[in-house]
Amino acid sequence: MAIEQMTMPQLGESVTEGTISKWLVAPGDKVNKYDPIAEVMTDKVNAEVPSSFTGTITELVGEEGQTLQVGEMICKIETEGANPAEQKQEQPAASEAAENPVAKSAGAADQPNKKRYSPAVLRLAGEHGIDLDQVTGTGAGGRITRKDIQRLIETGGVQEQNPEELKTAAPAPKSASKPEPKEETSYPASAAGDKEIPVTGVRKAIASNMKRSKTEIPHAWTMMEVDVTNMVAYRNSIKDSFKKTEGFNLTFFAFFVKAVAQALKEFPQMNSMWAGDKIIQKKDINISIAVATEDSLFVPVIKNADEKTIKGIAKDITGLAKKVRDGKLTADDMQGGTFTVNNTGSFGSVQSMGIINYPQAAILQVESIVKRPVVMDNGMIAVRDMVNLCLSLDHRVLDGLVCGRFLGRVKQILESIDEKTSVY
C-alpha cells in the first residue's frame, strides 16, 4: 500500500492555475487509472481531470470552487503494489527542495516555465521585495508557486538580502502599492441583498482578453447588407433530408463560415496578426467561432476551414458546440484561430460592433436574417431575406479598402448560393 498525490495538471501551454468546479469522486471511492475524478475550469477551457493511479480516494485536498496552482496537490489516492520503502526515500528529497526555495540551481535556470509568474506570485513578491530570479520553484516545470513565496516569507528567507539590496528594493513596493487604493475605491461596494459572483476561470480570461483587445487594438468598424433570399430558400429545401442523412443540422451559420473562409483565401491580409515590428500573415485559415453558455463565452476553432465543405463545417460547428455544452472542450480545440466569426444573429441582434479576438486582426458579426422590403434593380419593391455583416478591424493591420473588398466578396459568395450549390 502507498499513498499517491494527485496534483493540478497543466491543461494548456500557458495555463498556470485551475479551479475545481466539481468533484466526481468522494473519499472511499475506488477509481481506475484514467477515470475522471474532477471537473476543472481554467482561463482556457473546462476539462475533466483523469486519475493517474488505480486505487482508493483517501482525501480531497482541494475544495470545489478553490483555485490551485499547476502542480499543487488536489487529492490523495491509496494504491496497491507500490513499494513503501521507495516512497519514503523520495519524500526527504522533495521536502528538502521545498524547505530551501531560495537556493538557485543551474538546472532551474534552464527551465522554460520559470519566468511565467501568476498574478498572486507577482503581488506577494512585490509586497515583500523578493527577487523572483533568486527563487527556485517547486511547481510543474520549475514554476514558482504562491506557496513557494509564502514559505520563503515564513522562514525569513526574505531577510537574507544584504542592506544595499533592501534599500534598492524598498521603494519598489511603495510605488507599486500606490495605485492599488485608487483602483479599489473605483469599484462599487456591495449592499444588503446583493449577490457577489467571484471572477474566476473563463470569465476572468474573458475580462482580461477583452480589456487587452480594447485598450491595445485601434478598432474600426464597417458593415454591409447582404440579400440571402436564395440561400435561405435552398437551405430550407434540403435541411430535413440533410438531417436525416447526416444526423446533424445544416445551419445557416455553416454557409456564412464557408463564405468567409473562401474570401480569406482571396484576401490573405485579413488573415493576419499584429506582432510589434511586423505583421504576420497566417498560412492556415482557422476560423474561431463564438459559442456562449449561460455564464461564459468560448471560442473554439474550425481548423483549415477553407479546405472543408459546407457539410464539413456544419459538422465541426455541431461537434464544437456540443463539447462546450458538455464541458468537454480541450485546449487544442481553442488554439490556432486566425479570424473570428460570431453568430450574433442567433439571439436576435441586427447590428453590433464586436471586440476583436486578440491577437487576430478582425472579427465578423453575422446578424439576424430578417425579411425587409427592398427596391430591386427593376425598380420594383420585393420582400427579401436580408442580413447585416458587421466587421471590426485592427486599423494597425487593415485599412478600409481591403476590408470593403473582403466584405464585398463575402456578399457576392452568399448572394450566388442557390439550388445548384453543393454542400458536399
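Glycine is no exception: its Cβ is also placed from the backbone N, Cα and C atoms.
Across the domain 'Lipoyl-binding' (3-78), the model assigns an average pLDDT of 88. Per Swiss-Prot, domain 'Lipoyl-binding' is recorded for 3-78, and the stated evidence type is sequence analysis.
What Swiss-Prot records for K44 is N6-lipoyllysine.
The region 'Disordered' annotation in Swiss-Prot covers 82-115 (among others).
What Swiss-Prot lists as domain 'Peripheral subunit-binding (PSBD)' is 116-153.
If you look up Swiss-Prot, you'll see 154-193 (among others) marked as region 'Disordered'.
Long-range Cβ proximity for H395 (active site), meaning a same-chain Cβ under 8 A and a gap of 6 or more residues, is found for P218, H219, A220. In the three-state DSSP scheme, H395 (active site) falls into the coil class. The active site feature in Swiss-Prot is assigned to H395 (among others); the stated evidence is sequence analysis.
Counting Cβ atoms from all protein chains shown, D399 (active site) has 11 others lying within 10 Å of its own Cβ. Sequence annotations record features per position, and here Swiss-Prot assigns active site to D399 (among others).
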With DSSP helix as H/G/I and strand as E/B, how many residues of the domain 'Lipoyl-binding' (3-78) fall in helix, strand and coil?
-> 0 helix, 40 strand, 36 coil
